[in-house]
Each structure stands twice: as structure tokens, then as C-alpha cells.
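Copied from TrEMBL, the annotated features are:
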| type | residues | note |
| --- | --- | --- |
| BINDING | R86, G117, D138, L183 | S-adenosyl-L-methionine binding site |
| BINDING | E184, E187, H188 | Mg(2+) binding site |
Amino acid sequence: MASRLLNRFPTLNNTAQHILSLPFLRSTVASPFLLHSRLYSEDVSSRVPNRSSLNQVELAKFSSIADTWWDAEGPFKPLHVMNPTRLAFIRSTLCRHFQKDPYCARPFEGLKIVDVGCGGGILSEPLARMGATVTGVDAVEKNIKIARLHSESGPETANIEYCCTTAEKLVEEQREFDAVISLEVIEHVADPAEFCKSLAALTVSNGATVVSTINRSMRSYATAIVAAEYILHWLPKGTHQWSNFLTPEELVLILQRASITVQEMAGFVYNPLTGQWTLSDDISVNFIAFGTKNSQ
């Protein structure tokens, strides 16, 4: 189902070449409805990024609510509710790629996975329980303290390696992982192209990269910002900036520039009657992409 979404990009390589040659992309000022020129301005030939993708305003924002990561009814409630659906996609794609049994209790046994932008560890912990050797990294020190404290409550999660650092610094340390996962993070970084470049550098050849974010569409503005932040109060006001969202096409292109080929994509759709999220072909708001790193 989800893999059919890639049929929307049947001539992706040719399209990318054409889009990147358009004159407006050479300007540093572009409408939010146009592809952002900054997404395509980086040279990905070097393994070590030459500048940080951190956004200090976003770091301060999440630091102020770090104590609520494990409050299932708090500011991070949407992520808690979405987590089983995110994990279903990750389990399915990684098991298929690494030829693991998705029905066994610990399908990720033997895999090294890094959770970039791990927050309080709400994704890192289930990955560890599924058998992975997990490293969780976050630039907010309070997040890492909360994650470490919570992981100590269970034997399967006590060995998670939590580090207050950035993806760029891990690259400088020449760390590599079988799978690199970064969910709901890229819309909060200063430079998505630089960030994806770091994710790719952390991924072993033929390894997997999983990224999720929010589409920059009018529907996402209505639901993810107006409804979620100002009407339903699911998220603190100002959590998201609509202009920082990426369209699926943009994400595919910047990952391609970083030597990551997107193989599968799916949307997350919320059912207000059941209060649950499900995987869907609808990528108009929340979506997730699985890609593989090209062989060197």
C-alpha cells in the first residue's frame, strides 16, 4: 500500500535535475509554496558537515517542556498516541530490508540503531525492547536526563546509550549505524539539507534511514497548527512553524542529494472517533519515509 506512493515520482532523477536548474532556486528568498532553495545548496561530497543544523529557538522551546515527556496526557500526548503506528512502519520496513522476522519478539536483534532527536526516549525504549542496540541523541540536556532516568526502570532499556550531542558531532566521531531514525525532528532544524547530510553519514552503506515530518500543505496548516495548537490544545502554541514543513517531494530530493534513496512512504491519519492513528496512502499532513543508503 504505502510503497505505491513512490509511483508519484516515476521520473524522480530527471525531475530533480530539472527542478534544481530552475532560476528561482538560485534566490535566497522564496515563497513557502515554492521549493526552498536552502534545501539544495549543500555539497554532500564531504563526510563531515561544515556547520550545525541546530535551531537554538527550537531547542529552548523543547527544553521548557522536557519534564513532561513521559506524561501521556501532557504536551507530548500526540506522539504517545502516534507511537504504535510509527513503530509498525519501522518494524515492517526494517524487517523487510534486513531480512528479519517481523513476528518474533525481538526482530531487531543484532541491529545498531540511532534515534536522532530522541527527546525523552519514547521511541528509543520500544526499539531496545525489540532487540536493537540503541543510541539516543538529543541536543537538549534535560531531555537526555529524563530519558536516562526513565530507561533505568526496565532491564531491556537500561543499556540504551543516551548522549547529549548532535548528529553532526556523531559524524565527526565516525560513528555508524545499521539504521538511522529521526522522527518529527527535521521540521525543527535550521538547515534540513545539512541535517539529512549528517543522517546519511551516520548510516552504513546499504543501511536504512527513516524520517517522519509534516507536509507543508494548507491541510496541515489547518490541522497541525490551527486545530492541534489553538483549538484542541494538543500541543503548546508555537510548537510548529508552517513554513518549516517539507513536502514529500522536497524530502525525497534532499535525501537523494545525501545519497539516501527513498524506497517507501506512508501517511499517518488520525481517527477522532477511535482516538487512534493508522497508516495510510494519505500523505497530505503527517508522513514517514524509509530509505536506503546508496552503496559507495
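Just so it is clear, glycine is given a Cβ too, placed from its N, Cα and C backbone atoms.
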Between the two most separated Cα atoms in R86, G117, D138, L183, the residues recorded as binding S-adenosyl-L-methionine, what distance in Å do you get?
19
Determine the most Cβ-crowded residue among the binding-site residues D138, E184, E187, using a 10 Å radius around each Cβ and all protein chains in the structure.
D138
Express the distance between the Cα positions of G117 (S-adenosyl-L-methionine binding site) and E184 (Mg(2+) binding site) as a whole number of Å.
8
For the C-alpha pair, I'd like the distance in angstrom between E187 (Mg(2+) binding site) and D138 (S-adenosyl-L-methionine binding site), rounded off.
15
R86 (S-adenosyl-L-methionine binding site) and E184 (Mg(2+) binding site), Cα-Cα, nearest whole angstrom:
11
Same-chain residues six or more away whose CB lies under 8 A from the CB of R86 (S-adenosyl-L-methionine binding site)?
L123, L183, S212, F268, I288
